[in-house]
2 protein chains.
Amino acid sequence: MIQSELTTQNPKIYIFLPLYYTLWADSVLTPLEIEEMKSLISRQKWINPIEKNMLIEHLNPALPPKPKLLKSWKKEIKNLEISADSGLTSIGLKLVEKYDPDAKFSEAEIKDFHHTELALGLLGKEAGYAFRTGHDTITTSHVSDSSFDVAEMIALLDGDQQKIIQKVKKIISDPSFAYREYESLSDQREQVLAWCKVLSDHGLGAWAFPKFAGGKDDMKGYFTIMETLSYHDLSLVIKFGVQFGLWGMSVFFLGTDKHHKKYLKDIGSLELPGCFAMTETGHGSNVRGLETTATYDHRAGTFTIHTPNPDARKEYIGNAAVHGQMATVFAKLIIDGEDFGVNAFIVPLRDQEGNLVKGVQIEDCGRKMGLNGVDNGVIYFDNVVIPKDQMLDRFSTVNDEGEFESEISSDNRRFFTMLGTLVGGRIGIPRSALSAAKTGLTIAIRHGEKRKQFGPEGGAEVPILNYRMHQRRLMPPLAASYALHFGLRYLTKRFLERTEEEAQEIEALAAGMKAYTTWFATATLQECREACGGKGYLSENRIDALKNDTDVYTTFEGDNVVLMQLVAKNRLTEFRQEFGDMNMFTIFNYVVSQAKTSLSEKNPLIIRSTDQAHLLDMDFHLSAFKYRERAILASAAQRIKKHIDEGMDSFDAFNVVQHHLLNVGQAYIERIILEEFQKEIIATPNYGVKTALTQLCQLFALHTIEKNRGWYLEQGYMEGVKTKAIRKEVNQLCWEIRKNALALTASFGIPESCIAAPIAKI
Amino acid sequence: MIQSELTTQNPKIYIFLPLYYTLWADSVLTPLEIEEMKSLISRQKWINPIEKNMLIEHLNPALPPKPKLLKSWKKEIKNLEISADSGLTSIGLKLVEKYDPDAKFSEAEIKDFHHTELALGLLGKEAGYAFRTGHDTITTSHVSDSSFDVAEMIALLDGDQQKIIQKVKKIISDPSFAYREYESLSDQREQVLAWCKVLSDHGLGAWAFPKFAGGKDDMKGYFTIMETLSYHDLSLVIKFGVQFGLWGMSVFFLGTDKHHKKYLKDIGSLELPGCFAMTETGHGSNVRGLETTATYDHRAGTFTIHTPNPDARKEYIGNAAVHGQMATVFAKLIIDGEDFGVNAFIVPLRDQEGNLVKGVQIEDCGRKMGLNGVDNGVIYFDNVVIPKDQMLDRFSTVNDEGEFESEISSDNRRFFTMLGTLVGGRIGIPRSALSAAKTGLTIAIRHGEKRKQFGPEGGAEVPILNYRMHQRRLMPPLAASYALHFGLRYLTKRFLERTEEEAQEIEALAAGMKAYTTWFATATLQECREACGGKGYLSENRIDALKNDTDVYTTFEGDNVVLMQLVAKNRLTEFRQEFGDMNMFTIFNYVVSQAKTSLSEKNPLIIRSTDQAHLLDMDFHLSAFKYRERAILASAAQRIKKHIDEGMDSFDAFNVVQHHLLNVGQAYIERIILEEFQKEIIATPNYGVKTALTQLCQLFALHTIEKNRGWYLEQGYMEGVKTKAIRKEVNQLCWEIRKNALALTASFGIPESCIAAPIAKI
């Protein structure tokens, strides 16, 4: 109609044009829409029958306007100057005015058109956007804007480790460390070994060793090295960790002077590549059940290392498939037919030319989901004889009379004491995992800033990081990565300063932090992959490697589910130490009464408070975390007691509450993390940094509470109005933190050469 | 003491032995334990001072018993015959009796020992297990035991597709389809192409095509083929889907007779490998913004296909990097400078020798996280000229006068109509994802059955599938995979039988099912990886490939977050159709009042009911799902309305509620899935199958409710007592279903050659 098909002399007809365009452009014309329009037309007394017919004809779904005609309508309207809040009727009136400045409509008529607009669901100014150029929205105009000094934040995160961090970053930023594609498994393994050699040449391998072995006696620095290397390549980190951490530290911590003097220097310089051979095919989590034997021969002064059955072969052993020349082997010591539990021995695997030692058989574990730069292997020992002084004898020895000696009577306890000295792995791994997560977040957040997709009708496309769901995906893990940074710093400090009395507590803390952080890394990298869409799937953008290399972190150094059970059991027995002379039953009762007290502490005003100041209050957060930790532990204890009282075997009772125990561990770890994050904030003098961290801490706290809101509601600790208000705060914090997001990832200080992803180029 | 160090003439001393052994064996002797023991000793009037001294000396933490001595104690005790419920005191008494059958203790003395036992936290019979061989528990003795006929279940799952399923399984079980390691990307791609050729030689490629093109005209069968192939190799499935689904179906559904006659036969036989070139670097989700142009030249009767800027290059195009000879290219049609929106054209890429056509430039996307058997590429067009009849002209055409013609006036609507015909991809992908998840579950569950780790003290190690957390990881996804099987069957049926009026609803349904299922697959395969520990990390056990190949399923055929928004928006507009003449505002009001009604419907007895029959009741489940679906949609509508009423731009308003909209989509899809699962159960005549499915359906329903319990509690639809009872039911159902787990995975009927994982060998 109009212009093309009808020679109407009535410019007032133009009032219909925006309605017609919108109806035809947006969707199929429904019978109801047709009815609504027909009735509008019929009510217009100023239209003559021919015009009416023409208008009605143009509502026939079988005879839609030609595409070109539809376009011409739009063009006609777009030529007008339309103000920002014009609806379809006012646009129509403007069009009429253009052709006939004197044309008039009564107020009733205009109202009628407005009514139809509404009835058709064409909301006011919204419908008008199709005819305007430019359409600004809050979503469009939200931009990055750092509220703090990045250098200050970096200084805080690095703490007293700045020097070693800089040193490591300089090395891994060298062009010789550039990523490349590998032609084969072997190519990749040799590259990683070569990189490892460079690191040890720079003295990094021996860093934690004594000075006589070329080291710095600096365990804290060693953890920092692991963490910083993790920005680069995870295969490299694990190869490094196997050689200097597992192999080196097992000699260091389980051996004595003679072993240190003999081996540590060559281990630190990578002259002597070695393995840590504990896990067996049949026994991974339940290591105390392992079956390899070390049989003592007093006359010969030797041990014979043997794999008694295929399930007892050592499996997944890093450095074993190709490079390892020696290994710390865990085996049951047999003297005169008597089993003295698991002990550790240094056993040769290959000579310097790489030929296998007689009796040693090695298979390659082959391709893995990730970490393909590490040569994991399977080892069988067929009566391999080693001299007596190859036993790592710090905790037990065989004396000159051929008798077993140890200050620890119980085989189990001795073995777990040995393992306790190696708990550093449960610090190195989560710190490495966190670095990988930080890299993933840096890539995904930069991509989210650059990538634009969709936008308001007629307006510019919007950076995807401005979409609330995208923020929901990336901001909570960003906040959690800061929280974990401080949490792991605390764990490291506790570990380095530990006394014997604290050992068990810190082992449990390390186990829990390892599980929590590695699960976090897995989940975060999965989100990052998806948040980068197809680009995230291309290997060149690195999320592939980050995700797949770290995937096994939830398994090695202890399966996370097993570790969390261990944490929970430790929490249950903590009570024993805390409450002195109470026995297990008294403790159960105490715990139960404690929980009851807490319940009565709940203030009816607080449980339904939606006051923003309250919701953002650090004390509220910590109270909520502590309440959960205490109550969930108490109820676990109560349930176990109940089952046992009813005659259930304790093994079954613990199995029945296993899911509950996992939450006990999680609640404990979350409380620790929040507490440490808050402490760091309180101690931070810089205003900008403090404010930015406070937001992150609030998000971490509220997002965690939101995740557990089912539990809080069940307990009556919060009411629905409050958990809903918390959800809103989480959304709002995500929206606010998004502005700082680029600066917050810049503060991780990851070398650009390590980020490397083309989508993350800035 | 005893035997070795003390020549006591008093056999009654033996009563202490089990206590001493237990204290030294289990942990470090604490000061409290020492006190407790000393006080016990001091109360024994029948011990002489020398004996007392000896006993006290043996409590000195600085002088622990030698390991060998400790062992001798245990041996001494284990030589006794100990009954199942003996505590430490009764074991001690038995030991005394052995050495002096006439020795007597008063009742008070025995009570005193019992009291000490308790005070030390050494719970009754539990502490005695260390001395017994064999220790049966409920956890140990739980075993697999199928309650239904697997063949019957397979018949139900396969339905009327049994014949084609058998055909496909036979092909992929052929030794030529055995998995192998690839030497290079190229090696893998050629293998996958070769497999594809075998499939098309068997007629599978053309299956959905008309008979004249060598097909069976069987779209339903085509989906079944995709699903069944997905047991084998996901690269193969995607390569197959690109060639026959995307490339073939775009010609079939967007083209007309002349294209069908010319191309379909060669496409179905793989004589003519091709691509589907829609996505551009700059426009993935927001495809209607794509920028490639097809400029019409009326004089020459040609279109010129051109990439106007680097962001407009076609990206991730499957089959493009190496094999594709032609492509369906989506481009904006320009006639006389006027833009007629996105249309589709067949454009040559390579000749049969693989040489690129002039003007076409292709780059290789290189390595990806997975699907490396598919050669994805980037395509640039530099003024590539094609004849006019290469336009796929089912929905629009350029007439002989050089004018654009289409029955659909609006460019957008036309494009979305075209896309609507290709919605089959959103059925094929989730069905493929589900197959991958089923394979992962089969591997993980078999491993969980075979793998034993830990166990009660003195008892056998336990299959890890008997641990509650392991069941929690694997049983809910097992149940959901059954639920999704029926849900996807329903989607397929709806799609195949769709009328024009239903098209939009079914598109939304497909979008939602695609998003839900692919997220499910990603999460499930992640659980399977972790549930298989280190073994799950080895590529030979296949979870690596399953997880990584399907990871991009959450992205392609539409990013899941974008799709779920689309579903939610469709749900919001559904109201419009449902309620006839109401306008958008009336609908908002209706929805709000509806929600209020529902709230008042809540029965105070029901919201806190913990009655098992109620909790397991299908009607309760469906009501809860429906309530959630309705209420969450209503509140989303209400929130959007509120924001718009307050003057917020609708684009912003939708962004603010984005997270909420995701839940709208999810709740809708979950209701559909549950409803269809329940219908299938009702229709199942076989008792065993019906019972097994009912349990699965209950688990799916309750686990979903548990996942959303925070929401139900917020709404006051349930109280804490009820959600806690639900958690318990979930645990119990997991425990029960575990018995059927092997049979339930066997019912998937996955060929052994496809499962292939060494850890899954049975």
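Note: Cβ is positioned from N, Cα and C throughout, glycine not excepted.
These figures come from a predicted structure and were not determined experimentally.
Pulled from TrEMBL:
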DOMAIN    B:193-269  domain 'Acyl-CoA dehydrogenase/oxidase N-terminal'
DOMAIN    B:275-384  domain 'Acyl-CoA oxidase/dehydrogenase middle'
DOMAIN    B:420-569  domain 'Acyl-CoA oxidase C-alpha1'
DOMAIN    B:619-761  domain 'Acyl-CoA oxidase C-terminal'
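Ranked by the number of CB pairs under 8 Å to the domain 'Acyl-CoA dehydrogenase/oxidase N-terminal' (B:193-269), the listed stretches B:275-384, B:420-569, B:619-761 are led by B:420-569.
Helix, strand and coil content of the domain 'Acyl-CoA oxidase C-alpha1' (B:420-569), in residues and according to DSSP, is 119 helix, 3 strand, 28 coil. The residues of the domain 'Acyl-CoA oxidase/dehydrogenase middle' (B:275-384), classed with DSSP into helix (H, G, I), strand (E, B) and coil, number 6 helix, 53 strand, 51 coil. Secondary structure of the domain 'Acyl-CoA dehydrogenase/oxidase N-terminal' (B:193-269) per DSSP (helix as H, G, I; strand as E, B; remaining residues coil): 56 helix, 0 strand, 21 coil. Secondary structure of the domain 'Acyl-CoA oxidase C-terminal' (B:619-761) per DSSP (helix as H, G, I; strand as E, B; remaining residues coil): 122 helix, 0 strand, 21 coil.
Per-residue confidence over the domain 'Acyl-CoA dehydrogenase/oxidase N-terminal' (B:193-269) averages 98 (mean pLDDT, predicted model).
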